[in-house]
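Visitor: Input: one structure, supplied below.
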């Protein structure tokens, strides 16, 4: 199946016959003192997706495997059809929620073998997704971050300018200023003040430079000088009394589903955490994607005192490997913050029950949970989340059972997490550096 032949089809999906939307369930009568922004991630468009009798030909992203139960909004062995992505953005547009901006943390192309893509195709996919967002939200400032699949070959994002960096810099000009465009072209990262919130700066990092499979950065102590740039930018924000939200694709810390596996190379992880700790008074939140799951982390200092709240958002794509039992329902989320100091107050997670949507032929995006209500916490501050995770660690914790259900975006209510699984989850949430993480594993495994 040729990927290139399907892009116009995606872009020309009739806007007039968009999917049906459910009524948003988030509280509508908010005080005007609360600001809001959306977070979407891991769209992973598969333009080849189509319903056909031959289940091996439904989508390129199944890599020849039989799609399990394909419908108009996708299949768990396939990346997102355009109709699924459009339904997510249509829901956001028609949700009735007022938002100041949106963050979009990368990965637009599908999971397909390297020979099935090219630099040109990757740029076309990112263009498609960017145009979709700009057409639906012409007046909303959007802050993108590049993902490891937003390049060809995948994962190999370079430390110098490239066709992809130049292309996205041009595509994202409506949202970014000249200085941001300049650093984006050079290294795939940038910082930008939020137009509607002048005291808030978004720092969009290219953490793909630190990703294990990226051979372009092997043995480089500061790829693209991003560490030096980050420290200078945070120091400037400190002096200018700005607050900062960090966004990126690949998160810091350890993967919660694997033993002793940092999401990025250990040296880079320790270096980033050191910078984040030193500027924790400036950083008001960190937001990532990449894992396709809903998880959180709390960055603490060397003495275990909580400093920063870290959120990893679930994907829009529902794709999983043939041998994987669990996957995620598609999800998007809304954060609430306090204007002025940009303290994070709450998070509202929405999702699409993919099985139900395919059966009914319409997308009923609905509320999954409101974080403070689900866990009975006051806000999203590091101390509040740290106390919550201490509850997760207790034996037979109902709070953790709830967390693990939401981890898969309510995909499978029968999913269980044994003691080993729980230890990996809790250690990853509370311990982002190698020393504290290893100590946690030794203590509990």
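Every residue, even glycine, has its Cβ placed from backbone N, Cα and C.
Okay, so Swiss-Prot annotates it like this:
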- 42, 44, 107, 292: Zn(2+) 1 binding site (BINDING)
- 107, 148, 249, 290: Zn(2+) 2 binding site (BINDING)
- 111, 148, 149, 257: ATP binding site (BINDING)
- 59-78: disulfide bond (DISULFID)
- 417-421: disulfide bond (DISULFID)
- 427-440: disulfide bond (DISULFID)
- 66: N-linked glycosylation site (CARBOHYD)
- 128: N-linked glycosylation site (CARBOHYD)
- 219: N-linked glycosylation site (CARBOHYD)
- 235: N-linked glycosylation site (CARBOHYD)
- 353: N-linked glycosylation site (CARBOHYD)
- 364: N-linked glycosylation site (CARBOHYD)
- 1-22: signal peptide (SIGNAL)
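Could you tell me the structural context for the features on the list?
Guide: Taking Cβ-Cβ distances under 8 Å and a sequence gap of 6 or more within the same chain, the neighbours of residue 107 (Zn(2+) 1 binding site) are 41, 42, 43, 44, 147, 148, 149, 150, 249, 289, 290, 315.
The 10 Å shell around the Cβ of residue 290 (Zn(2+) 2 binding site) contains 26 further Cβ atoms across the protein chains shown.
Around the Cβ of residue 148 (Zn(2+) 2 binding site), the number of neighbouring Cβ atoms within 10 Å comes to 22.
Taken residue by residue with DSSP, residue 78 (disulfide bond) is part of neither helix nor strand, so it is coil. For residue 78 (disulfide bond), applying a Cβ distance below 8 Å and a minimum sequence separation of six or more within one chain yields 46, 49, 58, 59, 61, 62, 67, 70, 318, 319.
Within 10 Å of the C-beta atom of residue 417 (disulfide bond) sit 17 other C-beta atoms, taking all shown protein chains into account.
Under the DSSP three-state reduction, residue 427 (disulfide bond) is assigned to helix.
Annotation for residue 66 (N-linked glycosylation site): same-chain Cβ neighbours under 8 Å, separated by at least 6 residues, are 55, 56, 77. According to DSSP, residue 66 (N-linked glycosylation site) sits in a coil region rather than a helix or strand.
In this structure, residue 128 (N-linked glycosylation site) is part of a helix by DSSP.
Of all Cβ atoms in the protein chains displayed, 5 besides its own lie within 10 Å of the Cβ of residue 219 (N-linked glycosylation site).
For residue 235 (N-linked glycosylation site), the same-chain residues 6+ apart in sequence whose C-beta sits under 8 angstroms from its C-beta are 279.
For residue 353 (N-linked glycosylation site), the same-chain residues 6+ apart in sequence whose C-beta sits under 8 angstroms from its C-beta are 329, 364, 366, 410.
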Visitor: Where does residue 440 (disulfide bond) sit in DSSP terms: helix, strand, or coil?
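Guide: It is helical.
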Visitor: I'm trying to understand the geometry here, so how far is the Cα atom of residue 257 (ATP binding site) from the Cα atom of residue 421 (disulfide bond), in Å to the nearest whole number?
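Guide: Cα-Cα, rounded: 7 Å.
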